[in-house]
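Q: Pasting in a structure now, in structure tokens, and then I'll have a few things to ask.
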Amino acid sequence: MDSVVSSSASRRISTISSHLLPPNLQMEMEDVGGLRRGNCRAKGAAPGFKVAILGAAGGIGQPLAMLMKMKPLVSVLHLYDVVNTPGVTADISHMDTGAVAQLEDALTGMDLVIIPAGVPRKPGMTRDDLFNINAGIVKTLCEAIAKCCPNAIVNLISNPVNSTVPIAAEVFKKAGTFDPKRLLGVTMLDVVRANTFVAEVLGLDPRDVDVPVVGGHAGVTILPLLSQVKPACSFTNKEIDYLTDRIQNGGTEVVEAKAGAGSATLSMAYAAVKFADACLRSLRGDAGVVECAFVASQVTELPFFASKVRLGRGGVEEIYPLGPLNEYERVGLDKAKKELAASIQKGVSFIRK
């Protein structure tokens, strides 16, 4: 019986792994630069990179940790969380000496830091309702990053991303370590959802669909550019309204379906590991593209904006322009920018107050 269960679990893990990393890319990654799968497991000096996950015991952190452990480019994986830790407040604004020391140990020398830490949304809550707790968590963690691994690339998942990325930027500015190329808000899940929902309408495999998504990571700030979908196609007005609304409210749909048990976890972990893997490959020297990242940007007049970016060894090397927008999208962009501006300012003011 145990062997049957073990075999079933192995098949499931293999399926997830092959979907995240197709066989041809696995071979490419193992053969380039002498990097071999057997030499890339927690050996410190192994060819690969050191990664820390902050908030590793949570609903996103646990599956994310498992998937990152499977990545051949990860040589060291540090997992950190303060869940049920005595002497630590919910927003980790107060941490005892032991908790601080463990955080610093987890971060020292890291190449990539992924932050899913924070409380999840519950029914009736908006991402902004999370702000008071999650803002403090992000502030504390980023202060430690500035001290222990100031040159690390930071992938920030904690919501509300539209505000937490500006918080992180302000913390790094205060510490004198801010590099806009190395701070990325993880908005890849919006693209994963957009590709899935559009593929359902078109009757295609989501892996064969590319839907540009720009703006931010909450409600109307999530703007799918349906006029630029690949393969080229057209939608009725009814389909555009349906798809736009579902993509913008995909997170709320999950929160309501879970009825108080949490928010999107497995899908967020899946999107986050795709995002992190692109960052690791760029650190190795492979030019890579992330379909959507919330970064310091000049694409609009706003200081931060989510769009397609090209990565290199130093982080973000190029931010792609929006491309031609139709009238529906131009109206949506105006709405997105108005709400996004307020969210960004909220994050900035939290640190500057």
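Placed from the backbone N, Cα and C atoms, the Cβ positions cover glycine too.
What TrEMBL records for this protein is below:
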type: DOMAIN; residues: 50-185; note: domain 'Lactate/malate dehydrogenase N-terminal'
type: BINDING; residues: GLY55, ALA56, ALA57, GLY58, GLY59, ILE60, GLY61, ASP81, ASN134, ILE157, SER158, ASN159, MET268; note: NAD(+) binding site
type: BINDING; residues: ARG121, ARG127, ASN159, ARG193; note: substrate binding site
type: DOMAIN; residues: 187-350; note: domain 'Lactate/malate dehydrogenase C-terminal'
type: ACT_SITE; residues: HIS217; note: active site, proton acceptor
Q: Under the DSSP assignment, what numbers of helix, strand and coil residues are found in the domain 'Lactate/malate dehydrogenase N-terminal' (50-185)?
A: 60 helix, 23 strand, 53 coil
Q: In angstrom units, rounded to an integer, how far apart are the Cα atoms of GLY59 (NAD(+) binding site) and ARG121 (substrate binding site)?
A: 12
Q: Between SER158 (NAD(+) binding site) and ARG121 (substrate binding site), how many Å separate their Cα atoms?
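A: Here the two Cα atoms are 11 Å apart.
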Q: Taking Cα atoms as reference points, which of the binding-site residues ASN134, ASN159, MET268 is nearest to HIS217 (active site, proton acceptor)?
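A: Considering only the listed binding-site residues, the nearest one is ASN159.
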Q: Using only the residues recorded as binding NAD(+) (GLY55, ALA56, ALA57, GLY58, GLY59, ILE60, GLY61, ASP81, ASN134, ILE157, SER158, ASN159, MET268), report the maximum Cα-Cα distance in Å, whole number please.
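A: Value for the max Cα separation, rounded to a whole number: 18 Å.
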Q: I need the CA-to-CA distance for ASN159 (substrate binding site) versus ASN134 (NAD(+) binding site), whole Å please.
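A: One finds 7 Å between the Cα atoms of these residues.
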Q: Of the binding-site residues listed here (GLY55, ALA57, GLY61, ASN134, MET268), which is spatially closest to ARG193 (substrate binding site) when Cα positions are compared?
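A: For ARG193 (substrate binding site), the closest Cα among GLY55, ALA57, GLY61, ASN134, MET268 is found at MET268.
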Q: Would you count the other C-beta atoms found within 10 angstroms of the C-beta of ASN159 (substrate binding site) for me?
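A: Its Cβ has 28 other Cβ atoms within 10 Å.
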Q: Looking at the recorded positions ARG121, HIS217, which one has the fewest other Cβ atoms within 10 Å of its own Cβ?
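A: Candidates: the recorded positions ARG121, HIS217. Fewest Cβ atoms within 10 Å: ARG121.
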Q: Per 10 Å Cβ neighbour count, which of the binding-site residues ALA57, MET268 ranks highest?
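A: Output for this query is MET268.
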Q: Taking just the CA atoms, what is the gap between MET268 (NAD(+) binding site) and ARG121 (substrate binding site) in Å?
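A: Cα of MET268 (NAD(+) binding site) to Cα of ARG121 (substrate binding site) measures 13 Å after rounding.
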Q: Near ASN134 (NAD(+) binding site), how many other Cβ atoms are within 10 Å of its Cβ?
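A: Step by step: centre on the Cβ of ASN134 (NAD(+) binding site), count other Cβ atoms within 10 Å, giving 23.
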Q: Averaged over the whole of the domain 'Lactate/malate dehydrogenase C-terminal' (187-350), what is the pLDDT?
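A: The answer is 94, the mean pLDDT of the model over that range.
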Q: Could you state the whole-number distance in Å separating the C-alpha atoms of GLY55 (NAD(+) binding site) and ARG121 (substrate binding site)?
A: 15
